[in-house]
Amino acid sequence: AYWCRLGSKPEKYMDEIDLCCKFRLNCYDLALKSSKCNGILTKYSIQLNTSIHCIDNNETCAYETCMCDKLAAECFEKKLNKFNNGFINLPKKECRYESMLVS
């Protein structure tokens, strides 16, 4: 998937799983704008039961990053039946084909 590759931010997405990655990276971007935060490398604390609970103080980088990952995990769970094994380790050259992209 295009958006699920680290460092990738294309204009479109390939499938619903890729869209979950897009939402996650866009969420990180919002966290970066709202605080001094580096998103993907931020450590945070969670509590796991039947769902994920972010337990850092609200409005901290750790909490915002955790919420981005929580929402992404929930998105992946909802879209699990949409997972397409054909997109695993898709060669970079394939990412240039506009005909494969969803708008």
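Cβ atoms here come from the backbone N, Cα and C positions, even for glycine.
Automated prediction, rather than curation, is the source of TrEMBL annotations.
Between Cys61 and the candidates Cys27, Cys37, Cys95, TrEMBL records the disulphide pairing with Cys37. Matching TrEMBL disulfide entries to the candidates Cys27, Cys54, Cys95 identifies the partner of Cys66 as Cys54.
Bond annotation: of Cys75, Cys95, only Cys75 is listed by TrEMBL as forming a disulfide with Cys20.
Matching TrEMBL disulfide entries to the candidates Cys4, Cys27 identifies the partner of Cys21 as Cys4. Within the set Cys68, Cys95, TrEMBL assigns Cys68 as the partner of Cys27, by disulphide bond. In the shown protein chains, 21 other C-beta atoms lie within 10 A of the C-beta of Cys4 (disulfide bond). When the disulfide-bonded residues Cys20, Cys27, Cys37, Cys54, Cys61, Cys68 are screened for a Cα within 10 A of the Cα of Cys4 (disulfide bond), the ones that qualify are Cys20. Taking DSSP states H, G and I as helix and E and B as strand, the domain 'Phospholipase A2-like central' (4-96) has 52 helix, 7 strand, 34 coil. The two recorded residues Cys20 (disulfide bond) and Cys54 (disulfide bond) have their Cα atoms spaced 19 Å from each other. Counting Cβ atoms from all protein chains shown, Cys68 (disulfide bond) has 24 others lying within 10 Å of its own Cβ.
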